[in-house]
Amino acid sequence: MSYPHADPSLSSPWCGPLRYPAMRRGHSGDNTISGEMPMIHHMRPLVFWPTFLILLTAVIGSLVDLEAFLGFTSQLNDAILERFSWLFSLGSLYLLVLAIAVYVSPLGRIRIGGENAEPLLSKTRWFSITLCTTLAVGVLFWTTAEPLYHLMGPPASLGMEAGSTEAALFAMSTMFLHWTFTPYAIYAVPALIFALAFYNRRQKFSISSMLEPVFGPRITRYSGLIDALALYSLVAGMAATLGTGAITLAGGLGQYIEGDTNPLRLGLIIAVIVVTFVLSAASGLKKGIARLSALNAWLLLVLGLFVFVFGPTAFMLQIGVESFGVYLDNFFTRSLFTGAAGNDQWPHWWSIFYWAIWFAWAPVASLFLGRISRGYSVRDFLRINLLYPSLFAAVWIVIFSGATLYFQMRTGIDLHSVLDDQGVEHVLYRLFGELPLSGLWVPLLLFIAFISYVTAADSNTDAIGNLCTRGLTADSDFSAGIPMKIIWGVVVGIIAWVMTSFVGIDGVKMLSNLGGLPALVIILLASGSLWHWLRDPSALECPDTSTNHEQLDAQGQPQ
């Protein structure tokens, strides 16, 4: 059964002829391109090589003179946060407001891919993939560690006493700010723009497609540069995250395996993670990625329910409700808090630093989130990518951050000392040590952490592989990017191992964060596309040109 060619009568730039060969259905149920496609023919060299060479230079620079490399990247990062803190704060708030405006507008009724477009995934699977792609493992460890930082070190300009009730409410409300609606808006808005450009306007698989409605077709001349700029931030961030994850898992395994963490142990952990997420990404959206994400979502749900039932339930709910009120009451003030008036560096260390990280990762992550959204309305998209994950994160914060503050403030267990002496991951392990059945849950916690790293990395690897592959459009065979997924998985793994084993990951992490400023500019410019479509939603009402996609049953499986 063949996909139909584009209707030649569709002559507008938004609904033009497909720019990819016709495809045939293979026996396995996957889409395959007619004819042979050597990898070198499909690689985008202007995207692949600049990113690869920059990362190679960073690794060599760290090995040759780590102190000078860290000094340079830290100074550059501090300068960006100092001079553009106002833009990061205003930009993140603007995207959340824009998402709300789109949701309530007539644009919210537009279906991604056209009126007859059929979904790639059921809503349940779509949500589980989105949740695991965006939350990653950060929410697992940082929702117990971060509130301790804020409890014992609130902003000096606010005049709070460390460890006080006021500081506890500040800590919880800050968690809502950093991990719920604002960061998800930073991801959701560019992902929505890409989804509409890719499916409704038939643009190519490129970040520059989000800018085409604003700058016209001439922007495609710079697509390689734009994609490479965003790609290096994500790959560097993935390497830093993988390195952190390996150290975290090694610390947990150290409770059961004798001996210190060494390059061999780190290498084995990184290798297992890389092999798993590359195989998941290479197996396709509906196989590895969807199944691992569903497993991860269920494990997170079980973990959260366990802590809620056996932890300090009443305290969690009480401080959660009260601090959420503080979050709402101070939302605009805290969202735009730069610390300039009081010469307070806390916003640069925390909120603005977070916004820079989210922005750095958002452009490439938006390619994956946009690609899996076909067949649903814009309102469905914003619910799955913004509202529901934010609510999930808020509940998670109530449970885990609430439990952390309870043990720190009410029981005499000094989790803050654990944080200072042993590191972020050990706070969570110690917290579970105070709950029933800790001997059972700590090993399971390690497995959940492993799966969380994998489910975040496989979706990002999928986007990276496709971004480095030439000629992909809405009707392309996305298995064509498998060689690139394997290559980048190996590159990320090697960088993570070298940095964690010999020089530390701070340099690569700083390199990733430096991408926050250009990514912020790209996303703010791309938001002009949404304003264009808000004025004229009919520009997106493109007849669907591929109606032979797989039907889904009630469980989200192809029939």
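Just so you know, glycine gets a Cβ as well, placed from its N, Cα and C.
According to TrEMBL:
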type: TRANSMEM; residues: 46-64; note: transmembrane segment
type: TRANSMEM; residues: 84-105; note: transmembrane segment
type: TRANSMEM; residues: 126-145; note: transmembrane segment
type: TRANSMEM; residues: 181-200; note: transmembrane segment
type: TRANSMEM; residues: 229-254; note: transmembrane segment
type: TRANSMEM; residues: 266-285; note: transmembrane segment
type: TRANSMEM; residues: 297-321; note: transmembrane segment
type: TRANSMEM; residues: 352-372; note: transmembrane segment
type: TRANSMEM; residues: 384-407; note: transmembrane segment
type: TRANSMEM; residues: 427-451; note: transmembrane segment
type: TRANSMEM; residues: 486-505; note: transmembrane segment
type: TRANSMEM; residues: 517-534; note: transmembrane segment
Tertiary contacts of the transmembrane segment (384-407) (same chain, 6+ residues out, Cβ under 8 Å): 99, 123, 126-127, 130-131, 134-135, 139, 143-148, 151, 168, 171-172, 175-176, 179-181, 184-185, 187-188, 191-192, 300, 304, 307-308, 311-312, 315-317, 319-320, 324, 369, 373, 376, 413, 415, 427-428, 431, 434
Closest-packing stretch to the transmembrane segment (266-285), where packing means Cβ pairs under 8 Å, from 46-64, 427-451, 486-505, 517-534: 486-505
Close approaches to the transmembrane segment (427-451) from elsewhere in its chain (Cβ under 8 angstroms; 6 or more beyond its ends): 137, 140-141, 144-145, 148, 245, 248-249, 251-253, 255-256, 272-273, 292, 295-296, 299-300, 303, 306-307, 310-311, 400, 403-404, 407, 411, 413, 415, 418-419
Contacting positions for the transmembrane segment (229-254) when only residues 6+ beyond its ends and CB under 8 Å are counted: 47, 50-51, 54-55, 58, 136-137, 141, 207, 260-261, 265-266, 269-270, 273-274, 357, 360-361, 363-365, 422-426, 429, 442, 445-446, 449-450, 453, 456-457, 460-461, 463-464, 467-468, 488, 491-493, 495-497, 499-500, 505, 508-509, 511-516, 518-519, 522
Long-range neighbours of the transmembrane segment (126-145), counting only residues six or more past its ends (CB under 8 A): 119-120, 175, 179, 183-184, 187, 241, 245, 248, 285, 289-290, 292-294, 296-297, 300, 365, 368-369, 372-373, 376, 384-385, 388-389, 392-393, 396-397, 400-401, 403-404, 415, 419, 424-425, 427-428, 431, 448-449, 452-453, 455-456, 459-460
Stretch with greatest number of CB pairs under 8 Å, the transmembrane segment (84-105) reference, 46-64, 486-505, 517-534 candidates: 517-534
